[in-house]
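Student: Sharing a structure with you now.
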Number of protein chains: 4
Amino acid sequence: MANSRFEYVKAFEQADYLLPNTWIVVRIDGRGFTKLCTKYGFEKPNDRRALDLMNAAAKAVMTELPDITIGYGVSDEFSFVFHKTCTLFERRSSKLVSTIVSTFTAYYVHLWSTYFTDMPLSPPFPSFDGRAVCYPSVQNLRDYMSWRQVDCHINNLYNTTFWSLVQLGGMSGTEAEKFLAGTVSADKNEILFSRFHINYNNEPEIYKKGSVVIRDYELVDPGTHNAAEVADDIAEPVKQSKTQEENDRKRRAKARVMVEHLDIIKDDFWDRRPWLLSNKPGKVPKQT
Amino acid sequence: MANSRFEYVKAFEQADYLLPNTWIVVRIDGRGFTKLCTKYGFEKPNDRRALDLMNAAAKAVMTELPDITIGYGVSDEFSFVFHKTCTLFERRSSKLVSTIVSTFTAYYVHLWSTYFTDMPLSPPFPSFDGRAVCYPSVQNLRDYMSWRQVDCHINNLYNTTFWSLVQLGGMSGTEAEKFLAGTVSADKNEILFSRFHINYNNEPEIYKKGSVVIRDYELVDPGTHNAAEVADDIAEPVKQSKTQEENDRKRRAKARVMVEHLDIIKDDFWDRRPWLLSNKPGKVPKQT
Amino acid sequence: MANSRFEYVKAFEQADYLLPNTWIVVRIDGRGFTKLCTKYGFEKPNDRRALDLMNAAAKAVMTELPDITIGYGVSDEFSFVFHKTCTLFERRSSKLVSTIVSTFTAYYVHLWSTYFTDMPLSPPFPSFDGRAVCYPSVQNLRDYMSWRQVDCHINNLYNTTFWSLVQLGGMSGTEAEKFLAGTVSADKNEILFSRFHINYNNEPEIYKKGSVVIRDYELVDPGTHNAAEVADDIAEPVKQSKTQEENDRKRRAKARVMVEHLDIIKDDFWDRRPWLLSNKPGKVPKQT
Amino acid sequence: MANSRFEYVKAFEQADYLLPNTWIVVRIDGRGFTKLCTKYGFEKPNDRRALDLMNAAAKAVMTELPDITIGYGVSDEFSFVFHKTCTLFERRSSKLVSTIVSTFTAYYVHLWSTYFTDMPLSPPFPSFDGRAVCYPSVQNLRDYMSWRQVDCHINNLYNTTFWSLVQLGGMSGTEAEKFLAGTVSADKNEILFSRFHINYNNEPEIYKKGSVVIRDYELVDPGTHNAAEVADDIAEPVKQSKTQEENDRKRRAKARVMVEHLDIIKDDFWDRRPWLLSNKPGKVPKQT
């Protein structure tokens, strides 16, 4: 359509293309969720409904954006990983971040009443912020994922102990905090066990490990591939035939997006799921 | 809490602070709204419910983020302006964009059923993407706003004529498109009037002008201030006393956020609302 | 010419266009000049030959790059200002910085023997690093320039006093440093005067004020223009006629680039030289 | 020292840290070298003195900046590679680019008279611009290097043929250009041989291959290491002991920087020089 003399202002938009051939992680965080927890009476140390809602929103994000290869969530945060060959939105940071944040929020708000059946949302509504970070190598990416899972473990052990002291042990928050100051993991395990007969190992996996969101393909035998090395060797997006692309698309669309609570630090997780690093969809398991 | 050997990955996050002393415009756009329009049967050329929903979401964004001085929306897009002295989120681009996009989406999805009473949302849900752009001077900012409003006018005149030809004139879309190729504004006005007895000037202001979202302060006499010049002269965020800041905050919170359909290209709009450029809250009108 | 399969690597280069309509300051700094001073026996607190060499190199830079409107140098640093409408190298940061640094270095090294007649350069040779910073308003730009000149004054007063204590007062460096710890300007002026009969006001202007490099146009009466306001009102590069551009180019080329030692903090400097902010070349004075 | 109210301007400088764990290539290019060639009568298609001068400047750069692992030059351009673990100047782009450009220029200008003994420089002096680009993987880096060397080959074959047609075949430039339009490599080889009895393979290696600048360590047997894979596996800068660092530094300083004209596209070059990718200095050969 016609131009106007004001169009020069378009030139002020600055490029934010993320470096090619790097893994893109978009991490989103709940805004002001401490207040939200109080307002809706989230259970402590973990509210199962809130986590299930996070996971449901994450599954929806990954279903709508098949370019995402894996998601990992804990508490009120979720990380989504785009394969290093991804060219979605020309790798523009703002587009990637805002699209994920918006889609996640849409589902979170819409699905709220499914998980919090008796607590209708009232303003201010839950919202999330986000950012994109590039990781050049598979090792960097895995270290990022490990960082989040270690954080999950550290926080959950602390919170489990803290709230046991408060809820079961009758301490005030301040007392519990002081009591735990300077303790290491072994101390907290011991406190839980000796005081409250809680074996931390028996806590639900979703609390201890966080939530991994992946597409459901058949696991392979470890040792049958070297997806990490292959991934690091990729230098640029592979030009596939239209047919091949179409096939990949269909397989990805067919694959169920599922939530699991697994160790993503050890090699085994990645060895059995080569598609996470290779970006080639695996074999869709037969429906039973 | 404890550190892990994986924390080095934090260093890969890159700074995205926007240049100080510039006006920040965050513009968000509906993703795939052409499909959405079809899916939910939006009326053409304008769906009043859809626009009202956009405006309601924008009002909520501005209520939750008092740092925003003005919003302007048309069709499925909305622009939000932060004053050039704004230091919210240390002016980090990702934080500003993702927070606005997320808050807007939360309200849009939650309020959907208020405006589309008989059409429940089904996946994929509406979502928005966003970006931040910096404008150094008041003139640049006003030219940006004018650019959007001129765009609104051009598109609305075209769409009004196009859909008249289709809905009232019995043309196919292709025929109408061909028919309008090469026409200028005067031609379209003439077509509307001579063929369909539509006087474009009498079309609703919301369609012709788009929607301005501002805080409701008392208008001032033009000529009593020079807010634009004062704004350009500001070199850095003013350090206010705590009391003054608190007062400003209260006045902003008291002011009703309202939607209007006004010419924002001419000086008059800005001259009568010095707070838009000065960032000093105006006088809250007495409630009637 | 022919392409190769390696050309994809070009896509990794990231855009670094500086925000339009902002003043660009490129500041360069001598690398490791403390060592250089010792190696070539620079006089303390100021070596006139070294400053003259800096100024000669800066004059050459401004002669080769007529887009630069003003330069300001002190010690081993120099700042060069591009007008906010400048579009040289499409405002790419790397190009602007590297071109200035390289041109400056070329002249500095080549002219060395003119100023240090008896001290031939030996490796490692003098070199400079640089960076570009954007300033949105005239006030920001002037504050930047003032910042550098205040720094010049503060450092020179300190150094003059310090070296007087050492060279004339027989103190060691450590003693002088301790002696000056906690003193304010008035103290240093007093020390200089009472101990060494030095009136700081009578020190050479080049040491007290640093060096301003500008094109030589006829000064105007203060109050006959409002170049600062006009500059802030500019929204985008003005499209001039080819003839006008050619005229401007010729006038700039004709104007002698000269070095002065003036107060650039006060209004008077800018009021009498409207071309610095307006970017319209002034009247070239008649040669005498 | 004392602060001033102008210091706020420091906050306008924006961070330009390059992404960690990526190879940094700084490429510099001669500015306006076409004019320079004419002014100083550079021989065509290649001026040996000019290339030797470029190489001498590059050697000096690599001697002064031991963090550079390899340089590659052709015509009036030179690329310098920093290892992906490099933390020099905190990986700030401007610092890296400006330092290299400045050091290169200093030596180029100072050494000019050594290579052009009878042609003193006159203003405007030669200068260079530069930029930094990040490459995430060894393959990307090698593809970048290959891209430059293929370019060298393509340009040199063209120029050799073009100038033979002009200098030996009596064609005008325009005639030669037309004559070569649409020819492929084989055609040019054939023209050179059949018309001028020039076997392109016998042309000097420096013209056909460009110039590689590396530190002189003992070559290793290919197959005794997998430096590329090891390099891709590195996730972050290795923390070495002070002793180890000191040892590395000494070995690098001892190693002669030398210029060679080798094929850097094939594996052999990299296989025999593991230090280029591993960043561990090799064995310094015994002086003979």
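The backbone N, Cα and C atoms fix where each Cβ goes, glycine too.
These came from TrEMBL, pasted as-is:
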- C:Asp29, C:Gly30, C:Asp76: Mg(2+) 1 binding site (BINDING)
- C:Asp29, C:Asp76: Mg(2+) 2 binding site (BINDING)
- C:Ser75, C:Asp76: GTP binding site (BINDING)
- C:6-136: domain 'tRNAHis guanylyltransferase catalytic' (DOMAIN)
- C:139-266: domain 'Thg1 C-terminal' (DOMAIN)
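Show me how these features fit into the structure around them.
Tutor: The local packing around C:Asp29 (Mg(2+) 1 binding site), expressed as other Cβ atoms within 10 Å of its Cβ over all shown chains, amounts to 17. Secondary structure at C:Asp29 (Mg(2+) 1 binding site), as computed by DSSP, is strand.
Around the Cβ of C:Asp76 (Mg(2+) 1 binding site), the number of neighbouring Cβ atoms within 10 Å comes to 20.
Every protein chain considered, the tally of other Cβ atoms within 10 Å of the Cβ of C:Ser75 (GTP binding site) stands at 21.
For the domain 'tRNAHis guanylyltransferase catalytic' (C:6-136), residue counts in helix, strand and coil come to 57 helix, 31 strand, 43 coil, using DSSP.
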Student: Setting C:Asp29, C:Gly30, C:Asp76 aside, what same-chain residues sit with their Cβ within 8 Å of the center of the Cβ atoms that define the Mg(2+) 1 site, listed in sequence order?
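Tutor: Result: C:Ile28, C:Arg31, C:Phe33, C:Ser75, C:Glu77, C:Phe128.
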Student: Counting every protein chain present, what is the number of Cβ atoms, excluding its own, within 10 Å of the Cβ of C:Gly30 (Mg(2+) 1 binding site)?
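Tutor: 20, counting other Cβ atoms within 10 Å of C:Gly30 (Mg(2+) 1 binding site).
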Student: Please count the residues of the domain 'Thg1 C-terminal' (C:139-266) that DSSP assigns to helix (H, G, I), strand (E, B) and coil.
Tutor: 77 helix, 9 strand, 42 coil
Student: So what's the mean pLDDT when you look at the domain 'Thg1 C-terminal' (C:139-266)?
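Tutor: Looking only at the domain 'Thg1 C-terminal' (C:139-266), pLDDT averages out to 94.
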